[in-house]
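J.: Have a look at this one before I ask anything.
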There are 2 protein chains.
Amino acid sequence: MEKMKQQFTDLLKEQNAYKEALGLIQWDLRTKIPKNGMEQRAEVIGLLSEKIHQLSTSSQMKTYIDELKGKTNDAVLEKVIEKCEEDYLRSSKIPDHEFKEFVTLRSKSESVWQEAREKDDFSLLQPYLEQLVAYNKKFATYWGYETNKYNGLLDKYESGLTTSVLDEVFQKVKEALTALVKKIEQSEVEIDVDLLLHHFPKEDQEKFSLAILEKMGYDFQAGRLDETIHPFAIGINPQDVRVTTRYDEKDFRMAVFGTIHEGGHALYEQNISPELYQTPLASGTSMGIHESQSLFWENFVGRSEGFWQSHFDLFRSIAPAAFQSLDFTTFYQAINEVKPSFIRIEADELTYCLHIIIRYELEKDLIDGELEVKDLPEAWNQKMEDYLGIRPKNNKQGVLQDIHWSAGDFGYFPTYALGYMYAAQLHHQMKQELDLGTIIQSGDFAPIKEWMTKHVHQHGKMKKPLEIIRDVTGEGLNADHLIAYLTEKYSKIYQL
Amino acid sequence: MEKMKQQFTDLLKEQNAYKEALGLIQWDLRTKIPKNGMEQRAEVIGLLSEKIHQLSTSSQMKTYIDELKGKTNDAVLEKVIEKCEEDYLRSSKIPDHEFKEFVTLRSKSESVWQEAREKDDFSLLQPYLEQLVAYNKKFATYWGYETNKYNGLLDKYESGLTTSVLDEVFQKVKEALTALVKKIEQSEVEIDVDLLLHHFPKEDQEKFSLAILEKMGYDFQAGRLDETIHPFAIGINPQDVRVTTRYDEKDFRMAVFGTIHEGGHALYEQNISPELYQTPLASGTSMGIHESQSLFWENFVGRSEGFWQSHFDLFRSIAPAAFQSLDFTTFYQAINEVKPSFIRIEADELTYCLHIIIRYELEKDLIDGELEVKDLPEAWNQKMEDYLGIRPKNNKQGVLQDIHWSAGDFGYFPTYALGYMYAAQLHHQMKQELDLGTIIQSGDFAPIKEWMTKHVHQHGKMKKPLEIIRDVTGEGLNADHLIAYLTEKYSKIYQL
């Protein structure tokens, strides 16, 4: 028994070594690697990924699970075994050759997507998407599902969640937000975003970004900030969690809110309990909970009035002369402008969820066979018109904007909106326990980080997403808090 | 046969993947990693190193070598097999448990060395060095050697070289250089290095360093320049070869000559023939030949009169005001000052070899049992006095300055001096074939890079070090060219 535990731990450490190497390679790929180095690096990525997959589905792994499960008297180890079993079952149900075909298809499809987007030609991508949808349907069948195939995919990204729950909460959010957007359109408050678009040198944006990360409680002994094109945070190991951001010298919002967002992800990974290190539990529990952390910081803190009350002086001390005449209210309003737009990643806090709901509804219909890939562009544009009141003029502004589907990921999009709802639920609960307004205004965020670490971060994957939400808030998924928060905030800004 | 070739290639690719991941990890460790990330990363390094070792000594490897050797009709593949066989024999001769003990001892010893150096206390390190010497003696016995044990170690770093050859050439070099140093001491030429020690901002040093790398023909599509504490170059793969340098704002020489030196290493790795990619031959053939490339660029090009004739204007256009009054001759003399000093890595071009010869003589005596570790400090100091005319005041300035022995590396030091001799031999030959003076003065170094690629770089490990030297120069190892070059150069500078 002890010997087998040791062997199991060794196997996990080996797997972890490949994962950690891959993590560094991914970070490097998106920040530092010289162009020509990529070709051979791609083979290395393929090989290390294959090793991880092999270990997950190895006969030793099966033996360890079968022999150890329920017999270890060790809560962490039992959760580790449970997680390994989940991975084992998920991975071993797909025949090796099909998984390899899928991986190859996906990487081809991603590069076709680049071309299709550049040329604004959906027909190039269509055959690839059709095959990727077919594979996903097949995988859902292998994995098993309740009610509809899409549930089988959803479970992969947000364990325990189903379309019947999502349909209900998304319907609520959709109704509330579309109504709010309409009211805002009729508001007489005029917000001038152009006031923010002065030249802001990169080095100064970096200085401000670093200062904010420091204030958030991000540990620079266990991380660093670098520049990239598509910002991300990555936990290479729990003591090496790196943040990246992008500097647009004509629009500082990109870097500032991007850094706060990624900083939120990073705080999660930096504050996992050390007893989970080197196990598959030493990372955020789900995409949704992860996004709750980034969005909590970006919006509930970073776009709040209190935050800027405590940071506007710092901002102005670093910002160029052109920003010095901005008054606080104008600034605060401008960073919270609501305006329906085509591109998801450029959307404001309020309309963002509508972008996600559109994608959710479409991908669910694709997987459940109620929509064909060829009809996707038209369906996309129609929903944009119905929910946001604007219609893309081309597919580049529409269905071709995101990489997710081309990368074979179906069931992932909803986690972005779940993150919003979770964040609002955590925010609501935190307000009951902490004097949050005063804390944010004071600029000393230590109590927020402590609260999140206690309730969310430290647990890693020891708890499922809904378990965390229920343990902290006493509720299941609940859209009301998000709706209430957005309604209150934007009613005030737009004097509705 | 074809199937086995494929399996062999797959095994090499797997091994290469671990090596490439380790390469990136090593680069990151010395440039970017946050402090706390190191602890877990060390385990990853251990694990990946072990996988590489396992594959090198695996029964499959043995089978492929036995079955394929001499039967493939493919010159590259045969060399690959030969290299794998060498590695297999070298690695498999050491019992696993002894190798592990050695690795553990070495890593402990490295950290003890740090402490011993800080406290200037050799006695802390002594027991570790004694054990490391004992292991090296044992390994030499396992590997086999001719005449004396030290030959067994030497062969690991510079295949084919023996102490009888080294003793002869080093004796020659020692006599010539000590005589030269004495003459220089009596010269009436006075060189004032202080003229170089004005403040030179880091960003400007970086600008100059990048410009020089570009001129050397370093490919920035296949590499990058970063800052570090101990400069190095690393080929993560042949299309991702990175250079690092160190900026001392009070002494620009550190960065400029350091960058040129590492750039020379990098050019070697960037210009390996693509037919060797993903094989164990896709790297420089030996430490000595590698050092010949870095030293060729650093000294024969970078410290030459012609180089500064073509780059002094560029230098002054980037350098701060304090440098503008420097005239060319004063500058050229100052960067070539000869002055015996205690620290190897700060030594000038002329006395550097004497530092190496001291280390060679001492480590040879240690391994062959003619010197005991406890007597090392005194022996060191005596040789410093004999060869360089100065006696270290403490062991920090003496025997504790280098990490090599504490890291268990015996037989490595001579490769630095070999690099000098090889570089001088290549330099001599290049002058017969190219109008080198004119080329260096013109600042267009393309013909130098082409010549080196043709004769050295492209071959990777297809040729052994002495094979390369013989094929290019028609000679074996020959110290005369180095002696002639140094005598001519410094006789002129010091008007001897």
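From the backbone N, Cα and C atoms, a Cβ is placed for every residue, glycine too.
Annotation comment: TrEMBL describes A:Glu262 as active site, proton donor/acceptor. Sequence annotations record features per position, and here TrEMBL assigns Zn(2+) binding site to A:His261, A:His265, A:Glu291.
Mind mapping these onto the model and telling me what they sit next to?
T.: Taken residue by residue with DSSP, A:Glu262 (active site, proton donor/acceptor) is part of a helix.
The Cβ neighbour count for A:Glu291 (Zn(2+) binding site), using a 10 Å radius over every protein chain in view, is 24.
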J.: For each of A:His261, A:Glu262, A:His265, count the other CB atoms within 10 A of its CB; which of these recorded positions has the top count?
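T.: Result for the most crowded candidate: A:Glu262.
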J.: Write down the Cα-Cα distance for A:Glu262 (active site, proton donor/acceptor) and A:Glu291 (Zn(2+) binding site), rounded and given in Å.
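T.: A:Glu291 (Zn(2+) binding site) to A:Glu262 (active site, proton donor/acceptor), Cα-Cα distance: 9 Å.
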